[in-house]
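Copied from TrEMBL, the annotated features are:
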| type | residues | note |
| --- | --- | --- |
| REGION | 1-20 | region 'Disordered' |
| DOMAIN | 105-310 | domain 'Anoctamin dimerisation' |
| DOMAIN | 323-360 | domain 'Anoctamin transmembrane' |
| TRANSMEM | 343-363 | transmembrane segment |
Amino acid sequence: MEIPTSNARKRSSMESQIPPPWLKRLSSVGEAGGKDDQVMITVRKDGKREILVHYDQDAALLDEIFRRKRGGTDYLGALDLFCPMGGDALVKVAYADPETHWDTILLFKTGNARHAKLRTAFEHALLLDGLILEREEDAHEPSRAYLKVMVPFERLCCEAERMKLKTPIQSSQTSAKFAIRQGSIRSNKLNADEVWSGMINFMRTASTKRQSITFKKTKLAAFMGGNADVFAPQDIQLGFFSNAQRNLLAYNIIVRARLKSLGKQYSRKDFHKLLNDGVFTDIFPLHDGPARMVHPTAKPNRRSEMFKLWKISVYKIPLDDFRDYFGERIAFYFAFLGHFGRWLSIAAIVGLVTFLYGLSMAINAGALE
């Protein structure tokens, strides 16, 4: 396998990459899990972890990543080497630790042979759709296990285009802000400039000049943080979509998967039906870490830093951070809550003045009598 050298750091165009095999499949049949597909899953074990892939190209690339890891290549070095080849998800899985942000977690219970058969077919459908999976047993309850999902950047782009996801377009001001956020993502902590600018921006009126349009993969450079002439491939692949957007896109990919590899009898089975049948027991995203850092030497995360910013900001809620982290619905809820609270404070002041005036009148009337 040809491995790029130091030239991987150059700002090469991402459109020049060889398309992954699942992308050819989506363009030819429209949906993963056709009846002619054989259920073939390649398993790579790393300790107690089981990493699942389907395509030979992904398996070979994963083996090379593990070889580099054993040779001493660190996480950032592996990103520089393999992200230009579209291996962002494989690198994140190979170097996964307790602080790794997985796009989605599926919970299930072991011990049922029929459920295991349906679950294997569903895993195969997800693998055909370009996802990278990992199985891991619960350390405290052996009968419970987790199926961790990581979605490559190319697959996220395809799903964002299918969903017509609204994405902010490029501008000189937003590019500078995004550069700070990307640096924070790679270092897994907030930059000092981001903290200071965030504290200042919370005291200002929210800007309405940021424009968003429907996402197009061919126009990636026109969107905020997608210009390959400014950002390295690994920065684009890891930082272009926020965690909330990654969770949304991954969820939509999962719920659209079908068990067509088992024949017509199960061809209409989707994730919701598997959830109702008990094949899976839950689906949920992960936080970046604890909101309160118990130990002073603990590694900070975006959630804890956002919690600190919210405590510092008395009059303004960090809505942009809420939208990037939790999604637009949660951010809209807090925006409404803040707006409603401010208007109620005016009524409360008027009511307090009226109450004090009435109280003083009552006291004066009693004194006159």
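For all residues, glycine too, the Cβ spot is worked out from N, Cα and C.
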Per-residue pLDDT averaged over the domain 'Anoctamin dimerisation' (105-310), given as an integer: 79
DSSP-assigned states of the domain 'Anoctamin transmembrane' (323-360) in counts, ordered helix, strand, coil: 37 helix, 0 strand, 1 coil
